[in-house]
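J.: Submitted below is the structure of interest, expressed as structure tokens.
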Amino acid sequence: MTALLDIEGLTKAYPGVVANDDVSFSIQPGEVHALLGENGAGKSTLVKMIYGLVTPDRGTMRLRGAPYAPPEPRAARAAGVAMVFQHFSLFEALSVAENIALGMENPPKPRDLAARIREVSETYGLPLDPFRLVGDLSAGERQRVEIIRCLLQDPKLLIMDEPTSVLTPQEVEILFHTLRKLAAEGTAILYISHKLEEIRALCDAATILRTGKKVSTCTPREVTAAHMAELMVGKSLSVPARDAHEPGAVLLAVAGLSLSSGSPFGTSLRDVTFEVRAGEVLGIGGVAGNGQDELLAVLSGETPVAGGAVTLKGVAVGTLGPNARRERGLLCAPEERLGHAAAPDMSLTENALLTGRKRKALESRGFVDWRRTRDFAEDIIARFDVRTPGPGVAARALSGGNLQKFVIGREILQDPTVLVVNQPTWGVDASAAAAIRQALLDLAQKGAAVIVISQDLDELLEISDRFCALNEGRLSPPRPARGLSMEDIGLMLGGAHDMHEVAL
Amino acid sequence: MIIDPVTLIVALITVATPVLLAAIGELVVEKSGVLNLGVEGMMIMGAVCGFITAQQTGSVALAFAAGMGGGMALALVFAVLTQVLMANQVASGLALTLFGLGLAALLGAGYSGLPVPSVTRPFPEALRDIPVAGPILFSHSILIYIAIGIVAAVWYVLTRTRIGLVIRAVGENHDAAHALGYKVVRIRFATILFGGACAGLGGAFLSVVRVQNWFDGMTAGAGWIALALVVFASWKPWRVLLGAWLFGGIAALQLRLQAADVGVPVALLDASPYIVTIVVLVIISSDRRRAALNAPAALGRVFHASS
């Protein structure tokens with residue numbers, strides 16, 4: 001049998017970095033093939049070459065035996081290659097049908113297209129209303145739009161870039177059901193993920209990349225997740241740990257918080273109530289877009305609320321702004337690193353000043369003490385293993401993981417009473433993620449209260465004492481994290497949106 | 001009162017047309033995600049090019065073509081600056097206005113007060129003599145009907161056709177449009193040129209049809225009102241028409257009030273079309289969530305096809 005896609009010696013170099021170095025592998029029809037690797041291992045560049053977004057420097061591809069070198073995505077789609085992007089390439093202000101029409105070469109009339117969308121979505125168990133605005137859909141539903149857009153082109157190879165990072169466990173099950181059905185019909189699937197258990201459940205073969213090179217292949221069902229992790233990282237990883245302890249006094253309490261969102265696609269918070277105690281890690285799970293950003297803005301002081309809605313050590317702080325809250329010990333690290341947690345074009349020293357100004361006494365009488373500020377930045381760099389030439393480097397120049405270590409380190413070294421982090425390890429590679437989690441646990445160990453907002457449920461189960469879920473702006477009552485199963489959590493997250501009628 | 005509603009309506013349609021043409025062009029530009037603040041400059045270039053051509057050739061059709069050409073030439077400068085050289089759109093647009101005003105003054109020197117040919121009216125005398133409906137519906141120059149036709153065409157293309165969908169997609173999320181294989185820069189070039197042609201045509205209408213004269217700075221902020229109209233009309237073509245007629249109506253009315261010598265300061269009357277238009281459109285678009293929904297999300301952002 002000839003392979004569906006044969007990749008031979010593919011190489012792509014960017015200034016200063018070789019993204020792919022002589023990568024070769026092949027995918028059979030009907031095979032679910034995993035592409036594994038840490039951030040920066042070259043997975044994205046590789047699939048972009050297959051999808052025609054990037055032209056390789058060297059190497060050849062063959063699709064069903066014929067030479068294949070797509071100059072642009074249009075050509076790739078015409079050849080039967082479709083891709084579901086990690087960051088959805090959708091248009092929020094357009095309807096589902098319009099979004100799908102944009103991804104087709106010769107879309108039928110709107111009414112016929114709507115009928116076809118309904119047909120395909122029912123065949124594959126992905127219910128979707130063609131006339132709803134994409135901006136009103138949940139992350140799982142948006143992914144269905146992308147998948148249906150691909151399926152309408154009847155692809156021979158479907159590329160999926162980290163498809164499950166935004167889904168609830170139940171939605172993941174539905175997705176896998178769809179993918180298995182597609183594979184059974186002969187469609188090959190190239191599946192990129194770093195969730196190893198998922199890959200063991202779904203994939204027939206795996207190719208592992210490290211720093212742009214293919215380092216290994218394996219059959220995921222026959223090896224352990226830990227073994228694959230070691231192949232990816234090149235060393236074994238330690239699991240974060242800390243001693244058992246009793247939680248102390250309540251440090252931060254939020255009571256009856258409701259807030260309507262000002263933007264068309266934002267989420268309103270509804271009657272959010274919780275408290276965190278000294279030495280405790282509270283995990284807040286949930287799929288992105290269910291109120292996480294709004295909740296963080298309320299806690300940080302970017303969105304002021306009624307005074308009594310947020311209390312810090314018994315004092316009402318709801319009306320205070322971010323700087324006043326920082327002075328009192330409530331620190332936050334938002335999700336978006338470039339532009340929210342850090343100013344991209346300013347140096348690390350300047351970024352250290354931005355939140356550490358008061359608590360680290362980096363200024364006196366309105367003048368900045370640059371020496372102290374630089375010392376603070378260097379301290380963060382040294383203590384949190386931030387890989388950078390020095391504190392004078394612009395924040396933009398750091399990789400995502402390194403900047404995240406800097407951002408989290410900057411808050412932790414200010415010795416917070418309460419620290420709120422949103423997506424602390426999003427887009428961060430495994431070893432840096434482990435270091436960040438350990439630092440959060442160490443902080444709680446020293447008596448601070450830590451709130452971790454995250455979509456990564458494994459991460460929350462690993463480090464939280466108590467777990468609650470944010471779903472459509474509502475926060476579930478917290479439950480002890482020990483002993484919670486994925487099933488329980490999925491139900492807390494609201495299960496799968498609109499999926500009740502689908503038999504699995 | 002000496003104000004005759006029929007002549008007022010006829011006048012308002014004429015006064016509104018330059019603003020309407022410029023605004024409908026800018027609407028398409030902004031829907032594709034580009035903010036061109038050079039409307040005023042493109043309009044006055046259209047006005048001077050149209051006037052000179054009309055004076056030299058005696059052909060009104062050529063004058064309108066020259067007006068569109070003048071606007072497009074300036075728009076081309078803007079397109080190259082912002083789409084190829086990736087200059088800041090706000091700064092480039094402001095520079096374009098200043099450049100256009102200066103260049104038009106230079107080109108138009110010596111043309112003030114020269115005669116231009118009159119413009120044909122498409123409907124026969126008999127129709128125009130029908131009481132009330134005749135003057136309002138059939139007495140205008142052909143360009144006014146064309147302008148309304150352009151509004152209808154823009155509405156149809158943007159909401160009902162594939163090219164309109166692609167334009168809206170590019171303005172909504174240029175990275176996603178690029179990932180799907182659409183030529184973001186090429187589409188934006190085309191819309192910027194369309195916007196320049198519309199603004200230039202509006203300017204030519206102003207100098208050749210409405211005022212039938214040329215003087216420095218004759219657009220008098222009409223380009224800026226066009227920009228404001230687009231935003232406060234929530235990027236909807238029919239609302240732009242409504243806003244332009246409202247603006248024209250107040251402008252025509254206040255001239256008559258000035259003539260009638262009512263007890264309101266002249267300066268306030270002069271400012272009234274701008275104030276009333278903006279206040280009314282702000283009230284119409286006061287539901288911020290709905291307005292934000294129609295706003296092109298990528299408006300004014302530089303597109304860099306790096307990956």
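Cβ coordinates come from backbone N, Cα and C, glycine included.
Just so you know, TrEMBL annotations never went through curation; they're auto-generated.
Marked as transmembrane segment by TrEMBL: B:6-27, B:34-54, B:60-81, B:93-112, B:132-158, B:189-208, B:214-233, B:240-257, B:263-284.
A description of the local structural setting of each listed feature is requested, covering burial, neighbours and distances.
T.: Listed by sequence, the residues of this chain that lie at least six past the ends of the transmembrane segment (B:34-54) yet keep a Cβ under 8 A from its Cβ atoms are 18, 22, 25-26, 60, 62-71, 73-75, 78, 82-83, 89-90, 92-101, 103-104, 107-108, 111, 116-117, 171, 188, 191-192, 195-196, 199-208, 213-214, 217-219, 221-224, 226-227, 299-300.
If you look at the transmembrane segment (B:60-81), the same-chain residues 6 or more away from its ends with a CB under 8 A from one of its CBs are 36, 38, 41-43, 45-54, 87, 92-93, 96, 99-100, 116-120, 143, 188-189, 192-193, 195-201, 203-205, 208.
Listed as Cβ neighbours of the transmembrane segment (B:189-208) (distance under 8 Å, sequence separation of 6 or more from its ends, same chain) are residues 17-22, 24-26, 28-29, 31-32, 34, 36, 39, 42-51, 54, 60, 63-64, 66-76, 78-79, 82-83, 116, 119, 143, 147, 150, 167, 214, 218-219, 222-223, 226.
Below 8 angstroms of C-beta separation, residues 18-19, 22-23, 26-27, 30, 37-44, 47-48, 51-52, 97, 101, 104-105, 108, 111-112, 114, 199, 202-203, 206-207, 239-240, 242-244, 247, 273-274, 277-278, 281-282, 284-285 of the same chain, each at least six residues beyond the ends of the transmembrane segment (B:214-233), sit close to that stretch.
Residues 221, 225, 228-229, 232-234, 239, 243, 246-248, 250-251, 254, 257 of the same chain, all 6+ positions outside the transmembrane segment (B:263-284), place their C-beta atoms under 8 angstroms from a C-beta of that stretch.
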J.: Counting a contact as 3 or more Cβ pairs under 8 Å, with residues at least 6 apart in sequence, do the transmembrane segment (B:240-257) and the transmembrane segment (B:93-112) touch?
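T.: In this chain the transmembrane segment (B:240-257) does not contact the transmembrane segment (B:93-112) - fewer than 3 Cβ pairs sit under 8 Å.
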